[in-house]
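Pulled from Swiss-Prot:
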BINDING   Lys46, Gly53, Arg54, Gly55, Glu99, Ala102, Glu107  ATP binding site
BINDING   Asn199, Asp213  Mg(2+) binding site
BINDING   Asn264, Gly321, Ile322, Val323  substrate binding site
DOMAIN    9-244  domain 'ATP-grasp'
Amino acid sequence: MNLHEYQGKQIFAKYKLPVSQGIACKTADEAVEAIKQLKGDAWAIKCQVHAGGRGKAGGVKLVRNEAEVREFADKWLGKRLVTFQTDANGQPVNTLYVEETAGIARELYLGAVIDRSSQKVVFMASSAGGMNIEEVAAKTPELLHKVAIDPLVGGMAYQGRELAFKLGLTGDQIKQFSFIFTQLAKLFVEKDLSLLEINPLVVTTEGNLLCLDAKMVVDGNALYRQPELAAMHDPSQDDPREALAESHQLNYVALDGNIGCMVNGAGLAMGTMDIVKLHGGFPANFLDVGGGATKERVAEAFKIILSDKAVKAVLVNIFGGIVRCDLIADGIIAAVNEVGVNVPVVVRLEGNNAELGREILAKSGLNIIAAATLTDAAVEAVKAAGGK
């Protein structure tokens, strides 16, 4: 689950991390009132969306008076911001964050992720702050420094000092950075995060460190023990189809293609998407109905796929292990009868009750293309969607 920048900074403040004073605003009037409460003669006003690249897309601006604040608020509130990390529709802007500014001498990067191979939290720091960190890693890997956190002892001050030296920090900045590092390591574990980024972490013209941004992603599997963070969830940033799928215990991710995919098992779902791409097609989604799929859940999955108007064909690929293929067949028929289908449906059933499932579909009178193998299914789906 993603958090907004202003929410992340609220949490940072509780961990005594250096952040600018700021106010989250829902209306233009609130934004105008905010600059009256904040210090300084210039302020940063930022669109709050779950995506990076806001600055380049015009979603961040330095403002100096009430007129500029109101102009920015009127331009963005209730609109959608499109960045390189969003789809063509962008993300809705319902909140603006107005904060005090500071003179910037240097921009650094500091972030943390879970490294599955080492089974540890790994912190990354770079002197190339304010840039896309993936680009830094690809083009100038020597500027990216890493340190792994021992889960038994947590982040240690000496690790922070080592990173500070590599970043070229001096004097009291080293002490400041070490404190920020150890507090972030503590925060990462205590809040069950899967990703944490400060980009940029700046050195101000006064020589102090300041967290100018805050990106936090909470492990969705841990939300049951993070009620404070769960309450921060902003459903307006979610794809409505993904939210609906979650309510039916379906794993769904919307994509940009035109071949809807319904599969049981995440691995098989990814393999199905790969083979569709291999044969020249473009998946419209990732959808895993799970091992305990019921007739009702399959019907809902089918309806969610068909709600995407870009879908030109549907590929159903089921390997019956725990889930029974005849239940899948019943669910497909129920969904087709309820929603109505005007696109070709390609079905490949294998495993538990596969023969019965195929028989049910054959007797249904529906226009379904049966496939014996996964390759055949992918080829037929691409052809049905208008591909080669």
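Placed from the backbone N, Cα and C atoms, the Cβ positions cover glycine too.
Known features from Swiss-Prot, placed on the structure.
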residue : record                 : DSSP class
Lys46   : ATP binding site       : strand
Gly53   : ATP binding site       : coil
Ala102  : ATP binding site       : coil
Glu107  : ATP binding site       : strand
Asn199  : Mg(2+) binding site    : strand
Asp213  : Mg(2+) binding site    : coil
Asn264  : substrate binding site : coil
Gly321  : substrate binding site : coil
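Calculated from their C-alpha atoms, the gap between Glu99 (ATP binding site) and Asn264 (substrate binding site) amounts to 47 Å. Across the residues the record lists as binding ATP (Lys46, Gly53, Arg54, Gly55, Glu99, Ala102, Glu107), the two Cα atoms farthest apart are 21 Å from each other.
Taking Cα separation as the measure, Asn264 (substrate binding site) is nearest to Arg54 of the binding-site residues Lys46, Arg54, Ala102, Glu107, Asp213. All chains included, 17 other C-beta atoms sit within 10 angstroms of the C-beta of Glu107 (ATP binding site). Taking Cβ-Cβ distances under 8 Å and a sequence separation of 6 or more, the neighbours of Gly53 (ATP binding site) in its chain are Thr83, Phe84, Gln85. Cα separation, Val323 (substrate binding site) to Arg54 (ATP binding site), rounded: 43 Å.
The 10 Å shell around the Cβ of Glu99 (ATP binding site) contains 23 further Cβ atoms across the protein chains shown. Of the recorded residues, Ala102 (ATP binding site) and Asp213 (Mg(2+) binding site) place their C-alpha atoms 13 Å from one another. Counting neighbouring Cβ atoms within 10 Å of each of the binding-site residues (Ala102, Ile322, Val323), the lowest count belongs to Ile322. In the predicted model, the domain 'ATP-grasp' (9-244) shows an average pLDDT of 94.
Looking at the residues that bind substrate per the record, Asn264, Gly321, Ile322, Val323, the two CA atoms farthest apart are separated by 10 Å.
Each residue contributes its Cα atom, and for Gly321 (substrate binding site) and Arg54 (ATP binding site) these two points are 45 Å apart.
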